[in-house]
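Asker: Quick one: the structure is below, and I'll ask about it shortly.
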Amino acid sequence: MEKIKIIVASDSIGETAELVARAGISQFNPKQCKNELLRYPYIESFEDVDEVIQVAKDTNAIIVYTLIKPEMKQYMSEKVAEFQLKSVDIMGPLMDLLSASVEEKPYNEPGIVHRLDDAYFKKIDAIEFAVKYDDGKDPKGLPKADIVLLGISRTSKTPLSQYLAHKSYKVMNVPIVPEVTPPDGLYDIDPKKCIALKISEEKLNRIRKERLKQLGLGDTARYATDQEELNYFEEIVSEIGCPVIDVSQKAIEETANDIIHYIEQNKSK
């Protein structure tokens, strides 16, 4: 079967049109809906539209477009009708409905949704912070962090840090293991921004046994230090005086929501 060609055309980067096209394609058997996406971003002139139209004529392609400027959208609509081409205007009908509902004209500015604002930069800054201060790499991050996660291994400190970073929180995580003395700065920061991640000995042992099996060491191998690590963890957490969340039976998203709830509650105190 010949591939279905889909032209994704936009006066911005074309991300919206491509997502819609791929969402539509995903609803069909890939063996029966073989496809090829042809991208035409940053359409700025009638000549650019003419190029898209010509390719669609030559390849019998479907045009999926998001054109915001009225003159470009109108020109595309006219050309599609003139040559009886298959097309979908993603933004046009919705913008017309919104305009009628609010009784206002749209901005008609391509790419406005991608405009970089303070919130975007804050999130990027938080993500970079989480990478830089992952696994207690540099204690200088402790006073700068919004949240400091403490825990032994296998408590999902790193994925939690990244998840929270995408919510724009600067997160540092510090491993608590008997062989390594916690950084001095840990005792100097506000314990309200520290969260200790606890895991049951049974769950920890099960995770580690599975890990050993993956390494080819056999399912009878076991860690002898589980209880020692947990005891040391309890000792450090008690000294710091921070709250503890048991992550033994929790998904990362659930733990993250608990952390956010606690942090936001204490901000107002």
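Our numbering is plain: 1 for the first residue shown, then up by one each step along the chain.
Placed from the backbone N, Cα and C atoms, the Cβ positions cover glycine too.
Below are the features I grabbed from Swiss-Prot:
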- GLY151, ILE152, SER153, ARG154, THR155, SER156, LYS157, THR158: ADP binding site (BINDING)
Asker: What number of additional C-beta atoms lies within 10 angstroms of the C-beta atom of THR155 (ADP binding site)?
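Answerer: I get 26 for this one.
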Asker: Which has the fewest other CB atoms in a 10 Å radius around its CB: SER153, SER156, the listed binding-site residues?
Answerer: SER153
Asker: Per DSSP, to which secondary structure element type does LYS157 (ADP binding site) belong, with helix, strand and coil as the options?
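Answerer: Reduced to three states, the DSSP call for LYS157 (ADP binding site) is helix.
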Asker: Could you name the residues, excluding GLY151, ILE152, SER153, ARG154, THR155, SER156, LYS157, THR158, of the same chain that surround the ADP site, i.e. Cβ within 8 Å of the Cβ centre of those residues, in sequence order?
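Answerer: Residues close to the ADP site, other than GLY151, ILE152, SER153, ARG154, THR155, SER156, LYS157, THR158: ASN173, PRO175, LEU197, ILE199.
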Asker: If one looks at the chain holding ARG154 (ADP binding site), which residues at least 6 apart in sequence have a CB under 8 angstroms from its CB?
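Answerer: Set apart from ARG154 (ADP binding site) by at least 6 residues yet with Cβ under 8 Å, we have ILE199, LEU204, ILE207, ARG208.
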Asker: ILE152 (ADP binding site) has how many other Cβ neighbours within 10 Å of its own Cβ?
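Answerer: For ILE152 (ADP binding site), the 10 Å Cβ neighbour count is 21.
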Asker: Tell me which residues of the chain lie with their Cβ under 8 angstroms from that of LYS157 (ADP binding site), as long as they are six or more apart in sequence?
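Answerer: Same-chain residues close to LYS157 (ADP binding site) (Cβ under 8 Å, separated by 6 or more) are ASP135, LEU149, GLY151, ASN173, PRO175, LEU197.
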Asker: With every protein chain in view, how many other Cβ atoms are within 10 Å of the Cβ of THR158 (ADP binding site)?
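Answerer: Neighbour count, Cβ to Cβ under the 10 Å cut-off: 15.
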Asker: Counting across all protein chains present, how many other Cβ atoms fall within 10 Å of the Cβ of GLY151 (ADP binding site)?
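Answerer: There are 24 of them.
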